[in-house]
């Protein structure tokens, strides 16, 4: 009778220990369908970034007269090399490339008043405009000096930060100025098995204030969330789950040792009573 009782106690102890750190498939699967859900869902409206004070812009000018155009490209290496980068601005990293914290891209810095200054053209208000709107403004100003000017405007400091339980936490440069949350997590090597997919935190700058949003990646509702498209300087944080805590908490680390010791002592006790 006592032998059976001890075996039952040990069995339930092992079950509790295993359940404390296990992760179910439902917790790690992305974009799961609701019971009554549809196979299509409305996607959030695409985000069009607007220029702000502190942004660094690549502005490249070309025209029928390359020599005259080069005067408006102070950050181009040389007239010869500038022709090779026409239509792309200055050289930029590929999509998703990690950005060293100490790197600084040469370009036009938007001052605290929201303005930039171009040779001959003078000061232009950039803040509050999209890159397309600023491009058209510069193009109209350049018609005084160049014949059929072409202008390309891009962000050089469009980046996001991915932190927490991902394979490669880092700051990532986004030169095409468009990135979704699933894409950002893919750049970071996906969420680890220990990350909480149902409570991903997005920290966003919003008119001088910090905005905090939560997304559940286990459901398909992520596609209609206002945080589906990430903004420049967004921070994506993936919290650790219970499995991670079980790996680092000393209580969980010594639990198997305690259970093994109890098992050994129980066996000795049972057989000593025979």
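For all residues, glycine too, the Cβ spot is worked out from N, Cα and C.
Automatic, uncurated: that is what TrEMBL annotation is.
Noted in TrEMBL for the protein shown:
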COMPBIAS  85-105  compositional bias 'Polar residues'
DOMAIN    47-155  domain 'Polysaccharide export protein N-terminal'
DOMAIN    159-238  domain 'SLBB'
REGION    82-106  region 'Disordered'
SIGNAL    1-23  signal peptide
TRANSMEM  252-271  transmembrane segment
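Per-class residue totals from DSSP over the domain 'SLBB' (159-238), listed helix then strand then coil: 12 helix, 34 strand, 34 coil. Confidence for the domain 'SLBB' (159-238), expressed as mean pLDDT, is 95.
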